[in-house]
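Data first, discussion second: the structure below is written as structure tokens.
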Amino acid sequence: MLSLTNVCLARRLHFGFVETASRSWCAHRPQRRHAATAAQSKPTQSVVEEAANVGAELARTFKLTDADHKRLRFQRNIGVSAHIDSGKTTLTERILFYTGRIGAIHEVRGRDNVGAKMDSMELEREKGITIQSAATFCDWTSVSPVTGEQEKYAINIIDTPGHVDFTIEVERALRVLDGAILVLCAVSGVQSQTITVDRQMRRYNVPRISFINKMDRPGANPWRVINQIRTKLRIPAAAVQVPIGVEDGLKGVVDLVRWKALYNQGEKGIDIVESDEIPAEVLELATQKRAELIEQIAEVDDEVGELFLTDQEVSNTQLAAGIRRATVSLKFSPVFLGSAVKNTAVQPMLNGVCAYLPNPSEAQVVAHDTSLPASAPPVSLVPAGAAPLVALAFKLEEGRFGQLTYMRVYQGSMKKGQLIYHGRTGKRIKVPRLVRMHSNEMEDINEIGPGEICAIFGVECASGDTFTDGSSTFSMTSMFVPEPVISLSIKPVGQETPNFSRALNRFQKEDPTFKVHVDQESKETIISGMGELHLEVYVERMRREYNVACTTGRPRVNFRETITQRADFAYTHKKQSGGAGQFARVAGYIEPMEADPETGKDTDFENVVMGGTVPSNYIPAVEKGFYEALQKGTLSGNQVCGVRMVLKDGGFHAVDSSELAFRLAAIGAFREIYKSTRPVILEPIMTVEVVAPVEFQSAVIGGLNQRRGTIVDSEVREDEFTAVAEVALNDMFGYSSQLRGATQGKGEFSMEYKTHLPVLPNVQIEIEEAYRKTQPQSKK
Ligand SMILES: Nc1nc2c(ncn2[C@@H]2O[C@H](COP(=O)(O)OP(=O)(O)OP(=O)(O)O)[C@@H](O)[C@H]2O)c(=O)[nH]1
């Protein structure tokens with residue numbers, strides 16, 4: 001597991017800007033795509049220096065003005081992430097209500113049938129789950145724990161789905177956020193999906209505060225949850241509040257930093273009443289927990305550490321400043337408590353967002369200069385309003401008024417009517433309409449500055465694309481996109497209409513974890529995604545939004561293939577009889593490759609040809625052939641992963657060589673030596689977490705064992721237990737009805753992709769045989 005203190009300098013985004021002769025940020029041209037080469041990890045000294053110069057010049061030219069500082073200081077971009085059903089949407093609904101964004105609170109699956117504001121999709125409201133992350137903007141006047149003054153903040157909140165099938169939405173949100181609220185249930189504590197979102201937050205270095213929700217539930221135990229945060233998530237954490245009253249009697253919290261008792265009063269707890277008097281029944285606990293908080297901060301913050309070691313009093317303002325420094329530098333997570341549904345202690349948590357989470361200028365954002373070799377280290381961007389515009393399209397949505405593109409501006413400003421450039425294609429676009437999103441409603445604005453999030457209309461792009469003002473070009477990489485694990489065939493009922501492919505195209509553009517292809521053998525359209533629910537939601541959206549009812553085949557697991565050892569190749573592709581000839585020779589090796597922990601990329605092509613034995617204009621064709629060969633492994637016809645091809649040598653013919661010949665040579669070389677790499681078939685392994693009443697424990701464990709699951713963790717609480725197991729996805733079909741039967745409908749489970757592992761040898765033989773039978777030569 002990554003250490004939180006090991007904060008890598010490179011922050012979440014990688015851009016690049018094209019260097020012009022004078023570095024005047026003025027040449028507009030499409031981005032140069034870096035070839036994926038292994039050389040990326042080995043920059044030369046001069047490349048390192050060049051990148052450093054670019055960064056230094058950018059910082060020198062565009063200094064933050066007082067106006068920049070003022071705006072950034074009171075800006076927060078935060079996400080709300082958690083395990084499914086922890087209360088993220090309920091919490092966000094309160095935040096919107098208290099910040100005056102909505103006039104009334106509607107519950108998720110509430111009796112009024114309105115549904116929560118952030119669950120704007122009809123399906124979300126019906127199912128009571130969040131499918132798409134929604135962005136919303138609100139203002140909040142917070143009391144600073146450092147100065148005691150009131151300060152007005154502008155906050156962008158992204159409510160993200162908890163269900164693992166929609167994990168890409170969480171990735172997308174974290175990539176553009178500066179801080180997050182990690183919501184935990186006071187009874188269930190750290191759950192499997194909490195660990196997943198924690199991993200995602202680490203991947204993008206997002207500081208977080210924790211909110212232990214559901215403090216009103218019987219069995220709520222925040223201290224056990226804090227312990228789990230420390231041990232299971234390995235983040236130094238301590239409460240910054242203690243609860244006043246327990247379970248049903250929860251009345252408010254003691255703010256351990258400002259040393260005040262806080263109570264919610266008025267309708268829906270709208271007013272926060274502060275008192276200097278700490279109730280007698282919690283005074284001892286509060287004193288002890290404040291001491292614990294200071295001790296924890298002293299371990300991760302030098303200034304508080306110094307006071308602590310020299311036995312000096314740590315003042316409230318020193319403590320607040322220490323918590324802020326430790327949180328922003330990812331060394332600590334302050335823990336807030338409350339109950340969203342009972343409208344208790346949500347506002348103090350919101351004050352914590354303003355007090356302890358970073359503003360956009362504190363998040364280090366880096367860029368790759370694409371005019372330098374791909375190995376060049378990234379360069380820090382400057383969040384100055386006057387700097388050249390850099391904006392990232394992080395989410396697309398087909399709205400009532402056409403395509404809506406969510407953007408985060410990192411540098412410079414964007415105005416309505418301004419011309420912006422699409423980094424990848426170089427296309428020029430006029431910003432027709434600029435809006436701030438409030439779930440599915442919007443507010444027109446004329447300009448947005450660095451650190452802000454907005455949405456624009458009428459822009460053709462894919463999610464992850466970069467936009468500039470034309471004075472520089474940028475390229476973004478490395479959003480972690482997991483490979484789909486499950487597929488099913490889909491067919492419209494009756495005649496196929498253009499809406500069928502229109503819908504599939506749009507869904508693919510919006511969601512990189514949703515893929516569509518036509519199976520060459522069966523000619524069926526196959527959709528692939530992250531789970532049954534993920535695909536079910538798209539099938540349902542086809543019907544509702546595109547009026548295309550579909551039938552689907554049985555869900556199938558996405559197997560993959562990989563190699564286990566290196567093999568050398570030397571292959572000649574030759575066709576010289578009749579017509580134009582073809583000649584290409586390639587030599588080198590293929591070897592196993594581990595996935596990049598940041599991007600998930602696990603295939604690579606490296607060119608180390610010396611002396612032009614393969615002319616440079618044919619290298620991209622060899623690379624293309626290699627990636628084409630990976631599409632279909634010869635064992636089972638599934639995608640091959642975890643492979644690097646290194647091209648060392650080759651040969652060409654002045655007349656007969658062509659791109660086609662080199663592409664076919666790469667495919668031929670790969671197929672010829674594939675068997676000597678001892679390839680294996682991999683299957684997706686899932687982490688399955690089951691929560692059920694204790695009396696069903698043995699039935700649940702028995703059921704998981706029956707499915708060849710390995711129990712990796714279990715915990716028994718007062719009346720319920722949690723079991724965590726690793727089970728092959730192929731063995732999980734029909735589990736929900738089995739669990740329902742075994743627990744009288746009282747058990748719940750969540751499942752998320754963990755890894756791909758080799759199938760058992762006998763299963764491999766079966767899959768290989770079945771595949772061989774479908775191949776043309778074996779049919780003869
Ligand atoms: N007892 C109690 N229940 C709560 C609290 N907050 C939320 N809930 C309930 O927990 C359930 C899930 O709440 P949601 O807000 O939909 O949770 P979520 O995390 O947004 O769910 P997904 O988006 O589907 O992951 C709902 O039935 C809520 O009413 C709380 O503070 N106390």
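Backbone N, Cα and C define each Cβ position, glycine as well.
The domain 'Tr-type G' annotation in TrEMBL covers 73-361.
DSSP assigns MET215 (GTP binding site) to coil in the three-state reduction, outside any helix or strand. For MET215 (GTP binding site), the Cβ neighbour count at a 10 Å cut-off comes to 26, with all displayed protein chains included. Under the heading GTP binding site, TrEMBL lists 82-89, 159-163, 213-216.
Under DSSP, LYS88 (GTP binding site) is assigned to a helix (H, G or I) in the three-state scheme. In the structure as shown, the Cβ atom of LYS88 (GTP binding site) sits within 10 Å of 28 other Cβ atoms. Cβ neighbour counts within 10 Å, taken over all protein chains shown, single out ALA82 as the most crowded of the binding-site residues ALA82, ASP85. Checked against ligand 1, the binding-site residues ASP85, LYS88, MET215 give ASP85, LYS88 in sequence order as having a Cβ less than 6 Å away from one of its atoms. DSSP assigns ALA82 (GTP binding site) to a strand.
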